[in-house]
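Structure, as structure tokens:
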Amino acid sequence: MDLGTTKYIIYTELIADGYVEKHDVIGAIFGQTEGLLSNELDLRDLQKSGRIGRIDVDLENINGKSFAKITLPSSLDKVETSILAATLETIDRVGPCFATVKITEVEDIRVSKRQYITNRARSILRKLMDEMIDTYEITEEIKESLRTEEIMEFGPENLPCGPNVVHSDSIIVVEGRADVLNLLRCGIKNTVAVEGTSVPKSIMDLTKKKTTTAFTDGDRGGELILKELLQTCDIDYVARAPYGKEVEGTSKKEIMKCLRAKVPVEQIVGNTCNDTCNVSKVIENRPEEIVEPITHKYYEKVETPVTEPVFEDEIVEEETVIVEPVKKTETEIIDVDATNEIQADKKFSGVKEIVDSIKNTGNVKFVVDGTEKTNTFKEFLTNIHEIKKMDFFAADMPISQKIVDLLYDKTPIIVGKEIHVTKKPVNLRLFSFDEIVA
């Protein structure tokens, strides 16, 4: 059915008591409605002028009766269409047979069109949004291409580096090209990569002339490269990516945090007693979110000006800071009468045995409801939210202020390899291993 300019469709059902044919039904519609209404609503005139469409009749003859479904398109307004529909119900004979006619529905075809328009518009919009390139993506794509163009080459080995490496007073040494690119994304342009575990001679010479920060991955590979750098280059500061992460996969916020937390190389060497820099053990015992940055046991925390990374075209002048060793002093934080108190107080019974059991293991041991439990420090931090109260806590590691702040309301006693805190809650007892075994 060609709807054309149709506004409404009248659906009608007709039942005749005898056998009739389609032309009988059409004749009855035109014949019995003729003259009922004014000439403006005469079906023949309306059809000639195109204001109503072709009348469709779907006829069936069953058991001596005839059943017809009649469809009449109308482009009249709703009032005239309603009058026309009511007129059809006045038909009472078709041919020689009695008949009844009933209007089943008058459909506003424009509603269907509006629904189609709505659904189709949704589909088109969804397709457009899927195909549309976001402005942010365009911006990032352009920035990425510019950053890639900014990567330069340094030395006869053609090492990837940032554009400010030659002119800056300070440099950051990383592992590979991807690390240089990630730091460029963060606006850090004084970076150069060693491209492997064998440090090129041009890097060795460059580190002698500039203040150098070694920034390596937080895994075993990063530790090996750091060892190589410390043995072959003149490194001033050391920074590590978060534990288990690579520099190339670290976010801008984490990179800035790591670079600001860099430590002088003297502290790294001191921590390992001038050994081949066993940094992994230090890092494993120092989760970033809890423990203070690495400090040598013969050094107090010293505020030192550190070099910020160079951003964009900015070149920062730096001074080499020498960390002087200072003598460890007794403070009121540590209980002076620790040995006598431990021997006198029953709640400290068994402490020496617990301390002996975790010495040189890097583990922690704590007592909950009379039950002793042993974990690595990392496992302990993971499950700490499940622990409400502890009778006792001991760790084969230095006790920092952050550990005290974390545990002061969970246990009355904390024992560690060393005590490095500035504030102690009144109801908390802090003991070092040396005091326990004295």
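Think of each number as a place in line: the chain as shown, counted from 1.
Keep in mind that glycine also has a Cβ here, set from the backbone N, Cα and C atoms.
These features come from Swiss-Prot:
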type    : residues       : note
BINDING : Glu175, Asp217 : Mg(2+) 1 binding site
BINDING : Asp217, Asp219 : Mg(2+) 2 binding site
DOMAIN  : 169-243        : domain 'Toprim'
Listed in sequence order, residues with CB under 8 A of Glu175 (Mg(2+) 1 binding site) and six or more positions away: Ala193, Val194, Glu195, Thr216, Asp217, Gly221, Gly222, Ile225, Val247
Residue among the binding-site residues Asp217, Asp219 whose Cβ has the most other Cβ atoms within 10 Å: Asp217
For the domain 'Toprim' (169-243), mean pLDDT (0 to 100): 89
